[in-house]
Amino acid sequence: MDASSVMYYVLLIIHFLFLAYSFLVLLSYGILAIFSRKETISYLRKNSFVNYKDILSSELAPGISIIAPAYNESLNIVENVRSLLSAHYANYDVIIVNDGSTDDSLDRLIKAYNLEKVEYLINERIKTKPIRAGVFKSKNPAFEKLIVVDKENGGKADALNVGLNISKNDYVACIDVDCLLMEDSLQKMIKPFLEYTDRRVIASGGVIRIANSCIIEDGKLMDVNYPKITLVRLQILEYLRSFLLGRMAWSKLNGLLVISGAFGMFDKNIAIKVGGYNTKTVGEDMEIVVRMRRYMEEQKIEYKVAYIPDPLCWTEAPENYKTFISQRNRWTRGTIETLKEHRVIGFNPKYRVLGMLSFPYWFLFERMAPIVEVLGIIYFTLLLFVRNIQWDYALGFFLAAYFSSVIYTLLAVFSEEFTFHQYKKKGEGFQLVLSAFIEPLLLHPVVLYAAVKGNIDYYFNKNLKWGEMKRKGLTNK
Amino acid sequence: MVPPLLINSFFEDFPSIVIIVWVLAIVFFFVLISLVFFLKVVRFRLRKEELFVETQSKKYEENIVDYLYSNENSHELNSAQKEIIDKLKLSLVRSLDRKIFINTLLKLKGEVSGNMITVINQLYKDLGLATQAQSKLHSKKWHIIAIGIRDLRRFKVLEAQDEVAKCINHSKMEVRRQAYLYFINLFGFKGLDFLDELKSSISIWDQIGILDALQGMETQEVPDVRKWLSSENDYVVLFTLELVKAYNLRETQKELLLLIKHENKEIRLKTIRLLNYLYIIEAKQVLINTYENLTIKEKIAVFELLENIGVEVREEGAFVLKHINSKVFEIKVLALKILKQIDISKFIGLKNETNVLANLKVINYLENNP
């Protein structure tokens, strides 16, 4: 066999590897869409028999601590805390962890909620940065649910760990302080923990929705609007796809690896047993879920990570590309760190669905996707220079990929329409479809760029941490 | 229209894999166009359905109000009522209409009182809806069965009790829950007899629903629950413990003390907490005697009980003192707290004796906080 034949076969193998990868991506999306449909129908059916009012007055309602870390949130912190305090649930408290803010967040909270410093016995089961100004509670009985902890800066994970140490309840809802929680969100999130008798529910995650352009008054969502800014519109589709198709399907398979850091509820004892949030990663939300699951598998305890598809938590999405890229860069680094930290799980039958399905999927189609895609682009560019491209072949591949991508997004839109139907105004359907068509062309390249940057930063810029996320705030003034 | 010959010549030299990809692209394109079209239809239909529900609800509400007020004094149906029933029967052919009608009926049921509620329940039966709901109990689909039981419960159809009883141990928890609620809503505390037949589980969520339903009952005559405290089904025992707590059933004391040695640790923990809640002093010695065999959670619960009920220095003082250096934070705090209550000088003396910072923190905290 001469050199040119060898080269021919090498190229052929490369082509087929790319093809096989694309086919597997397409196949996995199709399978996820089917599972998602099944799970959505099942959820809606089950939910139609639920009366959430029962739990409001019940003495059996378990205690929940909402833990919200805050760093330099002075602008909106008073309103955000008010929103958290207005949840419809009988037995909960709100722990705001001021993570070494350098602005006047603490002063504003003290003033607004009439706080006073109290002695508080903390069982430091998880090592954290020390308390700075102390623990504060309100003198006003109307705010008796509020606990404010001021500590030295240690990052979001460290602040959440302080909350875990302080909480006296069995369940903790970890949220971003600037998120808007629906009034019934705690009732819905706690339900899975109370309804399973054959397994222990260790965590439940909710859908995160984008609140930009929505009307919010006094910490309450009044009206949902489809935003005008293209970047935000495209992110809405991404979120719909991720939450209503991807996570819904993984929930059916009991294979969820991530619960959004913006809003998730955990069994506190398990969270503490595994050591709380990992302060050494920027993907602490994914990492803790993987660690908790790993612990349950190793202990051979039947468990579930539940998922609630209702729109329970609304957050502000980045409105400019710089912030967006920084956010996605962090998500990529978080994924790499978590998968690396728990690599022993991958393809390990001891970990059942986690090891044989969830982990390999995340590795192949989340971790490796940007790398494969970039390699594909480089290879294509090389081909452009060294030999003639068969454009009629290439066009076929491009169209198949593009159309399948839009179809998958439209399936997410359908799921939204048949379930929660949030974008019901006239014209918004057209805007959703239009966004679905332009998203692969406009947003995906940016997501890819951010992921590549995340990979580079992970390997060559180890000191990079969270990065700044500039927010305008959700409250309409 | 593209001539077939042209298509053939376009694909002529293509490898089969490329042909497949092109075929896929074309199929995807048509799927995409259909989806866009379908989405438009769906959105239009949803909007139309919303309007339809609104108008039909209003229409049915008027019909029901006419029915209710056309004959307030007699139990016999008059001609106007018969006419309304006939009219309604004709319009309740579609399942969506039935759904809207039932929702409207329920809404009105919530707004009226006394005899009107009975009339509404009777209207439900007269329209044949009760028979339809009963027939749902034979469905192979779990959600249809659950809908059937739910509607029979909401409109108090007693005749279905034998059929519903068969669903008590259904494999789907939603069906079981509806069956439990049917018996409670229709028979009150007497309905709890389903616990005798229960082989499957009752989740905490179920318990919340059942207790809420019980608390809504007009008569609050709690039956003797002691037999369920010795049930072979652990879930029945767990639920009964909740009943004991909700209704302060102190007469179950003897059975509760026996449950401290139950095999199921969840039952043991709940029992200890309940003994604490009911302030049963006799539990102290029993718990101290079995203390070493308990789980950490149970041990914490024991100390909570001792703190709440109180400790006699001569009888339990030594036991408490033994645990002031416990490795379990909660036990250490509770033991020190109790020590402060029973022997303040010993408690203050500990400050000089201990050189462990963590212990000193706890002692200082307890010293300043009652």
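Just so you know, glycine gets a Cβ as well, placed from its N, Cα and C.
Curation plays no part in TrEMBL annotations; they are all automatic predictions.
Copied over from TrEMBL:
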- A:6-35: transmembrane segment (TRANSMEM)
- A:65-201: domain 'Glycosyltransferase 2-like' (DOMAIN)
- A:247-387: domain 'Glycosyltransferase 2-like' (DOMAIN)
- A:368-387: transmembrane segment (TRANSMEM)
- A:393-411: transmembrane segment (TRANSMEM)
- A:432-452: transmembrane segment (TRANSMEM)
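Across all of the domain 'Glycosyltransferase 2-like' (A:65-201), the predicted model scores a mean pLDDT of 95.
Here the transmembrane segment (A:393-411) has Cβ contacts under 8 Å with residues 22, 26, 29, 33, 237, 240-241, 245, 380, 433, 436-437, 439-440, 444 of the same chain, all six or more residues outside its ends. Residues 245-246, 248-250, 252-253, 361, 364-365, 369, 372, 376, 379, 397, 401, 404, 408, 411 of the same chain sit 6 or more residues outside the transmembrane segment (A:6-35) yet have a Cβ under 8 Å from a Cβ within it. Across the domain 'Glycosyltransferase 2-like' (A:65-201), DSSP helix (H, G, I), strand (E, B) and coil residues number 43 helix, 41 strand, 53 coil.
Across the domain 'Glycosyltransferase 2-like' (A:247-387), DSSP helix (H, G, I), strand (E, B) and coil residues number 88 helix, 18 strand, 35 coil.
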